[in-house]
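A.B. asks: Take this structure, written in structure tokens, and hold onto it; I'll ask about it next.
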Amino acid sequence: MPRTLEGQITMEKTPSYFVTKEAPARISSMSKGTKLIVVVRDPVTRAISDYTQTLSKKPDIPTFESLTFKNRTTGLIDTSWSAIQIGIYAKHLENWLLYFPIGQILFVSGERLISDPAGELGRVQDFLGLKRIITDKHFYFNKTKGFPCLKKAEGSSKPHCLGKTKGRTHPDIDQEVVQRLRDFYRPFNMKFYQMTGQDFGWD
Ligand SMILES: Nc1ncnc2c1ncn2[C@@H]1O[C@H](COP(=O)(O)OS(=O)(=O)O)[C@@H](OP(=O)(O)O)[C@H]1O
């Protein structure tokens, strides 16, 4: 990590931190006061998004439906598949709470980041003790992309959307499998809402 001078904030992001067993102890021993931000979305959509990303790199992988189950007949879900495992947020959070108080972690809703990016970034700015510089006026909805984009990128006068790897079309998944996954995640989601004091509305 680079040195942080008075009045500066150093930020680092890696999607796998939240699910890495050793990460909380390591970050805590580096700096106990580190503020943590976690972006979470509906774990079922997250799993499909994860699969879509892998599929784009390896088009020959088995279907989402077949990877989901250890045994399709009994409906036993393969919780060792990382696409499924990562979405068990309550389990991962337990690991972080051994090292950090809940107030030191901000949970950003992936859904609201799309429906109300300025509102969600307002929460981020407040959490970091920053003035609310980024507001509604920085975003517009890009109909072609189907997502909010920045009116002006940093250091440019041109609009900027996230790249092609963000906001891919997901494959159609058997609705029975989706429902089975919804049932699977429900208790973990409830526990996560309880732990964070936030209802993410994933049901
Ligand atoms: N503004 C905007 N534009 C495009 N995409 C947006 C935006 N806001 C949130 N998202 C969602 O971000 C998802 C991709 O993020 P990743 O999971 O790949 O991020 S990371 O790898 O964890 O850093 C991506 O998931 P997919 O839709 O499955 O591609 C998007 O739904």
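Note that Cβ sites are derived from N, Cα and C of the backbone, with glycine treated the same way.
As annotated by TrEMBL, domain 'Sulfotransferase' applies to 27-186. Taken from TrEMBL, the feature 3'-phosphoadenylyl sulfate binding site covers ARG41, SER49, LYS166, GLY167, ARG168, THR169, HIS170. For CYS149-CYS161, the entry in TrEMBL reads disulfide bond.
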A.B. asks: Got a sec? Which of these binding-site residues, ARG41, LYS166, ARG168, HIS170, has the most Cβ atoms within 10 Å?
C.D. replies: ARG41
A.B. asks: Inside 10 Å of the Cβ of THR169 (3'-phosphoadenylyl sulfate binding site), count up the other Cβ atoms and send me the figure.
C.D. replies: 7
A.B. asks: Filter the binding-site residues ARG41, GLY167, THR169 down to those with CB closer than 6 A to an atom of ligand 1; keep them in sequence order.
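C.D. replies: From ARG41, GLY167, THR169, counting a Cβ under 6 Å from ligand 1 as near, the near ones are GLY167.
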A.B. asks: I'm trying to understand the geometry here, so how far is the Cα atom of GLY167 (3'-phosphoadenylyl sulfate binding site) from the Cα atom of CYS161 (disulfide bond), in Å to the nearest whole number?
C.D. replies: 10
A.B. asks: Residues with Cβ closer than 8 Å to the Cβ of CYS161 (disulfide bond), same chain and 6+ apart in sequence?
C.D. replies: ASN142, LYS145, PHE147, CYS149, LEU150
A.B. asks: Looking at the domain 'Sulfotransferase' (27-186) alone, can you tell me the average pLDDT?
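C.D. replies: On average, pLDDT over the domain 'Sulfotransferase' (27-186) sits at 97.
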A.B. asks: State, in Å as a whole number, the widest CA to CA span among the 3'-phosphoadenylyl sulfate-binding residues ARG41, SER49, LYS166, GLY167, ARG168, THR169, HIS170 given in the record.
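C.D. replies: The span, Cα to Cα at its widest, is 16 Å.
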